[in-house]
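For B:7-31, B:65-88, B:100-121, B:133-154, B:175-196, B:234-255, the entry in TrEMBL reads transmembrane segment. The feature domain 'ABC transmembrane type-1' is assigned by TrEMBL to B:65-255.
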Amino acid sequence: MKLISRNRKKWNETLTAYGFLLPNLVGLTLFIFVPMVYAFYVSLHEWNALSPKVFIGLENYKELAADGRWWASVGRTFIFTFIYVPALYCLALFFAVILNGLKQKYQSIARTMFLFPFAITSVISAVVWMFLYDPRNGFINQVLNAFGLPSLEFLGSTDLALVSIVVVFLWINLGYNMIIFMASIKEIPQDYYEAARIDGATPWKSFRFITFPLLKGTSTFILIVTTIASFTVFDQIMVMTNGGPASSTEVSVIYIYKQGFEFLNMGYASALAVVLFLIIFVLSLAQLRLYTGKKEG
Amino acid sequence: MKLRKTTLTIFAIICGLFMIAPIYFMMIGAFRTPETVFDLSLLIKEFTFENMKAVFDETNILRAIWNSLFVSTTVTAVAMIFHAMSGYALARLRFPAKSFVFAWIISTLMVPFTVIMIPLYMVTQGLGMANSYLGLIIPMIFNAYGIFLFRQFYLEFPTELEEAAYVEGLSIAGTFFRLVLPLSKPIIVPLTIGFFTANWNNYLWPLIINQREELNVVQIELANVVGGGYETPWSIVLAAALISALPTFVLFFLVQKQLVEGVKTTGIK
């Protein structure tokens, strides 16, 4: 009798568990797993979305290997990342340390100000900065002129456009990353700093030998998440420059989007997407370990 | 020592002012005339509501805000229920193939949206959901990150309550919905903020999946207003930007405290 009821309970638990998991299992399969497999399948076809798919094996991959525009977009994605990620990391850490040393009242005022750009969307940030960057009358050029410097074509010159867009990303994401650092700094025991002060350590040394090493977990987290985000930037670039001028801001995702939805080369665009996936695969693995591995930070 | 602290305070506040300056210029620009919109000053010389009027007359910004609200709220609400259920099952219940199911769910985290955007478009279209609210909403619900964070929360949730409920003869599902879920606020609040803002912010997916103008979300509508032309009507564009920012401004000041606290829950771990 007891055994039967225990079996029934177990059966009941299994049923409930799968019932609870069912919507997500179906959804994740349909909207992530199937598309992932399908991306690979489509990448082996010539397909312009209107006519039927034609199997062409690895032709798309051969074509992309020789596609200068694609590799230029990959290079640009790397350049973007190598400017954006270290800059965001240093600024976020710098201001986290500065703000952390302020009185509570000023700290929360400053924090609100830094976090405020987080309250607007990507397209709004793009619009506002297009206004500030306006080549003729924009505020930034007015300030430059006031100092006797010539106006710059921030978004209209091939040299400046990418960096100008990095600035927008820094502006919108600085506050959020800063408060992640601030939260971690608050968890460092005050005794460490007391002890260091008694030993005559300068503020720089306290930072260098206490704060910085103890933020390793948080640093890793921010670096990995930001790098992945940086490899998949889209919104602001699409709105501000649409990849121009002369492709100078055409990062990989913009190029994939254009191949897929503007030139309707769905097969070729899928092959590009698969390659992008492989490029960031190592980062994704690291991110996965971050979530499933030991709790850090 | 005191002098240094004062210097740092002033430095931080000045940098903070630079951070909010672009938004401030957007706000005053929205009420300036087209001729004065580029005045490099913190004040409005000629105040006007004409830009606001033009935005309401010439664009569908209100409808777009409603669409964004509807889509983001629905995605968030459904996601919270689904992900809480799954997280609970993975943390608390025993069932066959559990570690496999967990590993499989978590592995979907490795697929960035941009990599699957083309096939996702095809799947969604194949299901007949393109150009509809369903297409904007349903594919955005499923997110292993949400499931994972609920699981983490329930792993640390005290078991006594559930045991008492079982003794009382309550079923597992009954216990979850009537006892556990109402006590899950510490994880639901930060995740709700996270999901809502992420979906409100979504631009790429609506751009791909919807061509029907009346279903434009606010991100798309605003991008259309600015267009790509050289003669951008800046005062009107800034007014449209300000209107579309208002809902999240309100949200920001309501939830800023939770946002700062939620960083620990949703950011790291």
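The backbone N, Cα and C atoms fix where each Cβ goes, and this holds for glycine too.
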Using Cβ atoms and a strict cutoff of less than 8 Å, what residues sit near the transmembrane segment (B:100-121) while being 6 or more residues removed from its termini? 86, 90, 130, 139, 144-145, 147-148, 151, 204-205, 208-209
With the cut-off at Cβ under 8 Å and a gap of six or more residues from its ends, the chain residues touching the transmembrane segment (B:133-154) are 67, 70-71, 74-75, 78-80, 82-84, 86-88, 90-92, 102, 105-106, 108-109, 120, 123-125, 180, 184, 186-187, 191, 195, 199, 202, 205-206, 209-210, 215, 217, 265-266, 269
Counting only residues 6 or more past its boundaries, what in the same chain has a CB within less than 8 Å of a CB in the transmembrane segment (B:7-31)? 37, 42-44, 47-49, 51-52, 234-235, 238-239, 241-243, 245
